[in-house]
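Peer 1: Positions annotated as GTP binding site by Swiss-Prot, on the basis of similarity to another entry: 130, 139, 173, 174, 175, 176, 200, 229. Annotation source Swiss-Prot lists 5-phospho-alpha-D-ribose 1-diphosphate binding site at 183, 235, 236, 237, 238, 239, 240, 241, 242, 243, citing similarity to another entry. Annotated uracil binding site per Swiss-Prot: 296, 297, 298, in sequence order. Per Swiss-Prot, compositional bias 'Polar residues' is recorded for 13-28, 70-79. The region 'Disordered' annotation in Swiss-Prot covers 1-28, 58-87.
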């Protein structure tokens with residue numbers, strides 16, 4: 001059963017308009033490095049993308065699905081239809097080398113394996129039942145949340161076992177919280193609570209203005225001491241990046257530094273990741289896949305409104 005959130009009524013709400021050729025490839029420098037070469041450059045313009053471990057998985061297709069498009073009705077990230085968001089045609093993980101360099105240290109990918117690939121496949125499959133979709137989404141969310149917790153600071157501690165022995169272990173440093181970007185980000189809340197029972201969770205509501213299509217903050221409510229906490233920002237699909245950018249701006253207004261924000265997502269386009277890192281170079285993005293086509297039907301199918 002999902003836990004009802006109770007945040008202090010004293011926190012401010014926001015209602016404001018927000019303006020928002022091939023070359024010879026170099027060798028990886030160390031295990032876990034993925035070399036990204038500029039399509040029109042030379043070996044000096046290679047960039048390194050940080051992987052959490054092991055294997056690099058290429059997920060950029062030779063061509064995009066011609067039917068992968070949809071109109072935006074909820075916000076600038078999630079399209080209302082069942083189609084997918086197409087990143088700009090020129091956008092690719094192998095595109096702008098300078099941006100790839102900036103992404104390198106901040107963008108973290110879960111190591112690809114068959115289990116994760118299957119979950120991604122079911123989530124993208126338009127014929128998947130809602131039950132299968134939710135089951136797969138919850139499993140993938142749990143994997144992302146677990147790795148997100150691994151990015152938080154720990155401290156050493158000593159405990160006594162039932163047999164009387166001393167054990168040197170670690171524990172979370174105090175001062176962590178979650179923030180979900182409504183509505184699709186709420187799908188990740190239970191996964192976080194399953195791992196951290198007592199963690200505080202705030203919310204931000206951002207929608208696209210029907211006339212200008214610009215992101216607009218309608219509501220924000222956080223723990224009163226959020227400026228002292230590490231923040232796990234939850235938003236499953238990064239397509240344009242606009243919604244996340246506005247959410248981070250609201251967090252900054254409440255005293256949160258971008259360097260303590262870890263963005264948890266399931267899927268990201270190259271354009272979305274680049275946009276966020278360009279705006280906030282210190283933020284950390286954790287995702288399972290960077291792909292030009294984002295499954296922006298996620299929120300509608302997860303909550304049964306597709």
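For all residues, glycine too, the Cβ spot is worked out from N, Cα and C.
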Peer 1: Name the residues of the same chain, 6+ apart in sequence, whose Cβ is under 8 Å from the Cβ of residue 139 (GTP binding site)?
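Peer 2: Residue 139 (GTP binding site) has long-range Cβ partners 119.
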Peer 1: Return the count of C-beta atoms lying within 10 angstroms of the C-beta of residue 229 (GTP binding site), excluding that atom itself.
Peer 2: 21
Peer 1: Could you check which of these binding-site residues, 130, 173, 298, sit within 10 Å of residue 236 (5-phospho-alpha-D-ribose 1-diphosphate binding site), going Cα to Cα?
Peer 2: 298
Peer 1: By a simple count of other Cβ atoms within 10 Å, which of 238, 297, the binding-site residues in the record, is least packed?
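Peer 2: Relative to the other binding-site residues in 238, 297, 297 has the fewest Cβ atoms within 10 Å.
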Peer 1: Quick one: pull the CA-CA distance for residue 183 (5-phospho-alpha-D-ribose 1-diphosphate binding site) versus residue 296 (uracil binding site), whole Å only.
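Peer 2: About 12 Å separates the two Cα atoms.
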Peer 1: Using C-alpha positions only, work out which of the binding-site residues 240, 242, 296, 297 is nearest to residue 200 (GTP binding site).
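Peer 2: Given the candidates 240, 242, 296, 297, the nearest one is 242.
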Peer 1: Give me the Cα-Cα distance between residue 242 (5-phospho-alpha-D-ribose 1-diphosphate binding site) and residue 296 (uracil binding site), rounded to a whole Å.
Peer 2: 14
Peer 1: For residue 176 (GTP binding site), just give me the three-state DSSP call.
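Peer 2: Where residue 176 (GTP binding site) sits, the three-state DSSP reduction gives strand.
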